[in-house]
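> As listed in TrEMBL for this protein:
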REGION    1-22  region 'Disordered'
TRANSMEM  31-52  transmembrane segment
TRANSMEM  64-85  transmembrane segment
TRANSMEM  97-118  transmembrane segment
TRANSMEM  154-174  transmembrane segment
TRANSMEM  180-201  transmembrane segment
TRANSMEM  256-278  transmembrane segment
TRANSMEM  302-324  transmembrane segment
TRANSMEM  375-397  transmembrane segment
TRANSMEM  409-431  transmembrane segment
TRANSMEM  437-456  transmembrane segment
Amino acid sequence: SVMRKRKTTDPPPSPTDPSEGREKLRLKQEVGLISGVSLIAGTMIGSGIFMSPEWVLHHMGSPASSLLIWAACGVLATFGALSYAELGTVIKESGGEYIYILRIFGSFPAFLFAYTSVILVRPAGLAAVCLSFAEYAVAPFYPGCSSPQAVVKCAAAACILVLAIINCLNVRLATSIMNVFTAAKLLALLVIVAGGMVLLAKGQTQSFQNAFQNTTAGIGTVGVAFYQGLWSYDGWNNLNYVTEELKKPEVTLPRAVMIAIPLVTCLYLLVNVSYFAAMTPSELLTSGAVAVTWGDKVLGSWAWLISLSVALSTFGSSNGTFFSGGRVCYIAAREGHMPEILSMAHVRCLTPSPALLFTSAMSLVMVMSGNFTSIVNFFSFIAWFFYGMTISGLLYLKIKKPELPRSYKVPIIIPIIVLMAAVYLVLAPIIDQPQIEYLYIVLFMFSGVILYFPLVRFKCHPRFLQRVTLHLQLFLEVAPTARDAN
């Protein structure tokens with residue numbers, strides 16, 4: 001069988017297993033439809049819609065072409081999420097791309113994904129969102145001047161530590177916070193949309209006259225504009241990282257996708273229209289923070305509400321990114337691709353606390369050397385490389401394994417479109433504007449080979465690691481978890 005076999009029985013207890021003789025722990029199934037929609041929408045609506053519009057406009061050159069990019073990004077995210085929904089109903093395990101690559105292509109490519117994602121991609125994405133939160137959170141304390149970088153980085157670090165505590169304590173607490181913050185950020189976006197409608201009704205349509213004027217259409221330029229737009233849609237695949245924690249995943253997964261992503265796409269388009277109604281393209285391009293400039297122009301003395309809303313929005317998005325990102329580390333460790341301690345859960349809270357703590361530590365390192373725009377471009381480059389690999393896996397299963405039970409099927413043309421888009425997004429910026437940083441990323445990705453063969457393939461583990469694992473288990477109060485045998 002080409003589909004890699006899943007182990008449906010637990011391995012014998014290891015010397016470091018204090019739960020020997022007792023039933024193993026399982027993560028709770030706490031995520032229902034509302035929490036699922038909140039996880040997708042809440043993670044997607046973060047810093048992007050408040051920071052990326054000026055960069056999309058910068059690369060595309062005109063309001064109308066910018067709006068087309070935003071719409072196309074929404075369609076692509078929807079197609080990608082629908083494709084992932086079918087994968088999630090065939091392979092009912094948490095871990096997103098990692099578990100799909102592992103089950104379809106095998107151990108080596110899955111390890112490269114886990115290595116790159118756990119050490120670089122997820123922590124970098126979380127760091128970027130937390131830095132955005134910090135920028136807006138500390139801005140009111142430094143009116144009329146830019147905030148000191150040391151203060152911003154300290155605020156971002158504090159945000160990561162608070163998120164670590166929340167997510168380690170309780171899954172229900174984390175999902176409740178997601179639900180509340182998602183409602184708050186939707187309200188903030190609706191205020192911006194309503195303000196834009198009022199401005200349009202008053203006749204402020206100058207940005208939409210000759211709306212395609214100055215459009216640039218280079219292959220690489222459009223690719224980079226897509227990167228900036230897709231950053232705002234990042235999170236469309238987050239529910240696949242927590243499949244084992246979903247109530248009725250075969251129903252919840254497709255429904256949550258079909259509700260959340262079209263909702264976010266419509267909101268993003270209307271928010272961009274509102275920005276263009278309040279500002280000329282040149283004003284938008286020179287704005288450091290588009291939403292704040294909009295608030296100054298439209299809300300006057302109430303403009304502080306926008307800064308508060310953006311801070312709340314980015315905090316909620318960080319929580320969703322953290323919630324799902326920690327699961328990749330946890331699942332990879334459970335499959336033997338990361339240290340054993342990261343596959344364990346807290347004996348009382350039933351949360352993957354070691355994996356979450358490791359993710360926070362890596363994110364704190366990223367925060368110390370964070371640059372928002374470069375993080376976005378390079379994050380997107382790696383992400384779409386692995387999205388393409390995952391979608392090609394789905395196409396393989398649809399063609400070669402049509403007999404596998406599926407409660408939901410996506411038309412084959414949809415994953416084909418997503419795969420073509422992924423190939424374009426990976427190659428176009430490199431061909432059009434080659435940068436040495438892309439080479440560094442590829443070299444980092446394949447440096448995982450040095451670790452894979454001794455540690456994973458041949459299992460050459462130094463003995464002291466078992467002692468370290470045992471001491472960490474006792475200190476963190478964690479124990480091994482059972483694999484879900486769906």
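From the backbone N, Cα and C atoms, a Cβ is placed for every residue, glycine too.
Bear in mind that TrEMBL entries carry predicted annotations, made automatically and left uncurated.
Show me how these features fit into the shown structure, please.
Sequence-distant contacts of the transmembrane segment (154-174) (same chain, six or more residues past either end, CB-CB distance under 8 Å): 27-28, 30-31, 126-127, 130-131, 133-134, 137-138, 245, 315, 318-319, 322-323, 326, 346, 349-351, 353, 356-357, 360, 363-364, 367, 370.
Tertiary neighbourhood of the transmembrane segment (180-201): same-chain residues 37-38, 41-42, 45, 49, 267, 270-271, 273-275, 277-278, 291, 294, 298-299, 305-306, 309-310, 312-313, 315-317, 319, selected by CB-CB distance under 8 Å and a gap of 6+ residues from either end.
For the transmembrane segment (375-397), the residues of the chain that approach it from at least six positions outside its boundaries are 2-3, 52, 80, 83-84, 86-87, 90, 97, 100-101, 104-105, 109, 113, 116-117, 120-121, 124-125, 127-128, 224, 227-228, 230-231, 234, 237, 366, 404, 412, 415-416, 418-419, 422-423, 425-426, 429, 437-438, 441, 445, judged by C-beta separation under 8 angstroms.
Within the same chain, residues 107-108, 111-112, 115-116, 120, 336-337, 374, 378, 381-382, 429-430 sit at least 6 positions outside the transmembrane segment (437-456) and bring their C-beta atoms closer than 8 Å to a C-beta of that stretch.
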> Which sequence-distant residues neighbour the transmembrane segment (31-52)? Criterion: at least 6 residues beyond either end, Cβ under 8 Å.
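Non-local partners: 77, 81, 128-129, 132-133, 136, 171, 175, 178-179, 181-182, 185-186, 189, 228-229, 231-236, 238-239, 242, 245-247, 252-253, 255-257, 259-261, 263-264, 267-268, 271, 289-291, 310, 313-314, 316-321, 323-324, 372, 376.
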> How about the transmembrane segment (256-278) and the transmembrane segment (64-85): at least 3 CB pairs under 8 Å, pairs 6 or more apart in sequence, or not?
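As far as Cβ distances go (cut-off 8 Å, pairs 6 or more apart), the transmembrane segment (256-278) and the transmembrane segment (64-85) touch.
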> Quick test of the contact rule: Cβ under 8 Å, at least six residues beyond the ends. What residues does that give for the transmembrane segment (64-85)?
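For the transmembrane segment (64-85), the list is 40, 44, 53, 56-57, 96, 208, 211-212, 215-217, 222, 225-226, 229-230, 232-233, 236-237, 240, 253-254, 257-258, 261-262, 264-265, 268-269, 272-273, 387, 390-391, 394, 408, 410, 414-415, 417-418, 421.
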